Amino acid sequence: MKSTVDGFKKELNKRIDLETDSMEMIGDLRWEFNGGKGGPKTEVGWAVWGIITSSANPQGAETWQGGLPNIGSAKCKADTCCVWRHAALAMEKRFRGQSGRCNAAARAAVRLGFHDAGTWSKFTEDYGGADGSIILSGLAGNEDELKRGENNGLQDISRIVTDWYNKYKPYGVGMADLIQMAANVATVVCPLGPRVRTFVGRIDSDRPAVNSLLPDVHAEAPVLIDLFENKTIRVHGLVALVGAHTTSQQHFVDVNRAGDPQDSTPGIWDVEFYSETTSNSAPARVFKFPSDVKLSRDSFASSEWNEFASGQSHWNEDYAKEYVRLSLLGVNNINSLTECTRVLPPRTDKVTVSDDNNVIKQWLKGGGSKKTSENLEEGSKVTKLEK
Ligand code: HEM
């Protein structure tokens, strides 16, 4: 009898534990790191510690002040963030569509950030994660992560990021940081997106990451929850992160519906995705991922899912917190990173896109050709249904 009760308590504790946000430390912030020599030691170490324990703001408001020194100048070299400001400006230009929505490159950049960092687990050898290997593995002639099926659709953005790498590498920019910077610039370029605190100084690697650590779109909710738990991300964190599908237009889950969005406002970082995933009356063109639907119905995930559906600022805050964690998975030198949040563009807290709403409504009902979907993907102003 006692062992049954103990077993029940253990299970209950596990469940209670599962329901909370993760406070688990990562990398060199773990006390046990390097034979007990870990823990926060520097201002940045404490900042990340604070974000993870919810005692520091995961979003940063500080913007770039003053002029921008020329990229090769001594003044620029003296400030680690200067070259990153140059890179962030180029990224912003590439990611903002004419209409005010973020474009396909922006969304792919967010996904690329996830697919580089997400290849880390507590239960595999300590490599992978946010190390740039998603692009560097192929460039070095090793097994190319980009050729893995799970990375379908990330080839174009990887070419864009590689061009930036070639341009900014001579000034000290690394691939792992560039990928995470691109994700954070892209997120804030999307109207309503959070300004996620951004750190640089990760160590690059061209060693291909362990395979099969990224989620399958057809997986059951408990499998997804377990996969992310193994990355130190608990169920609330997972629910916050998948909200990135608010901007998305899928191509490979159903190739016959390429360009169909995951909510009715692609390119906008709003909470429609959460309510439409659970609704029976989402517009016909909204394509729900099976994994999102299963997660939204899971008993550990559904209450947070429904809270986000009517809580933009709650979601932004939780997304930013979890993305800081995600973007530092596998990074064992957090204490020696530099914070460069101030290079990000300011956020847009209103949706001021210039599409014709009636045209968008027709498109969401299934009207318009592939060209209309492409115009939306590019962030172009949509004023008519293309035949
Ligand atoms: C349960 C976990 C997840 C699953 C199963 C999943 C699966 C997918 C799939 C299948 C696509 C569509 C790819 C295509 O056909 O074009 C996609 C797109 C996307 N995912 Fe996820 N994802 C997950 C979590 C995440 C997370 C954690 C993030 C970011 C933090 C993210 C960001 C994105 C973005 C931004 C897109 C749109 C890409 C584009 O429009 O090109 N996803 N995801």
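Cβ from N, Cα, C; glycine included.
The shown structure was predicted, so the numbers you read here are calculated from the model rather than taken from an experiment.
If you look up TrEMBL, you'll see Asp116, Gly129, Asp131, Ser133 marked as Ca(2+) 1 binding site. The heme b binding site feature in TrEMBL is assigned to His245. Summarising the annotation, TrEMBL assigns Ca(2+) 2 binding site to Thr246, Asp263, Thr265, Asp270. Per TrEMBL, the feature compositional bias 'Basic and acidic residues' maps to 371-387. Under the heading disulfide bond, TrEMBL lists Cys81-Cys340, Cys102-Cys190. Under the heading domain 'Plant heme peroxidase family profile', TrEMBL lists 129-318. If you look up TrEMBL, you'll see 364-387 marked as region 'Disordered'. Annotation source TrEMBL lists site 'Transition state stabilizer' at Arg111.
Shown on the structure are the features that TrEMBL records.
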residue	record	contacts (Cβ under 8 Å, 6+ apart)
Arg111	site 'Transition state stabilizer'	Gly153, Leu154, Ile157, Ala244, Ser248
Asp116	Ca(2+) 1 binding site	Gly129, Ala130, Asp131, Gly132, Ser133, Ile134, Ile135, Ala176, Ile179, Gln180
Cys190	disulfide bond	Arg101, Cys102, Ala106, Arg107, Thr247, Gly267, Ile268, Trp269
His245	heme b binding site	Gln262, Asp263, Phe273, Phe289, Asp292
Thr265	Ca(2+) 2 binding site	Thr246, Glu272, Val351
Asp270	Ca(2+) 2 binding site	Pro191, Leu192, Thr246, Asp263, Gln312, Val351
Cys340	disulfide bond	Thr80, Cys81, Trp84, Arg85, Met181, Thr198, Phe199, Val200
Other parts of the chain folded back onto the region 'Disordered' (364-387), taken as Cβ under 8 Å at six or more residues beyond its ends: 96-104, 106, 249, 258-261, 264, 266-267, 283-286, 354-356
Extra residues within 8 Å (Cβ to Cβ centroid of Thr246, Asp263, Thr265, Asp270), Ca(2+) 2: Thr247, Gln262, Ser264, Pro266, Ile268, Trp269, Val271, Glu272, Phe273, Glu276
Integer average pLDDT (0 to 100) for the domain 'Plant heme peroxidase family profile' (129-318): 97
Among Cys81, Gly129, Thr265, Cys340, the recorded positions whose C-beta sits under 6 Å from ligand 1: none
Where Ser133 (Ca(2+) 1 binding site) sits in the secondary structure, as DSSP reduces it to three classes: helix
Cβ-centroid neighbourhood (8 Å) of the Ca(2+) 1 site, Asp116, Gly129, Asp131, Ser133 excluded: Ala117, Thr119, Trp120, Gly128, Ala130, Gly132, Ile134, Ala176, Ser205, Ala209, Gly330
The region 'Disordered' (364-387) - residue tally per DSSP class, helix then strand then coil: 9 helix, 0 strand, 15 coil
Asp270 (Ca(2+) 2 binding site) in three-state DSSP notation: coil
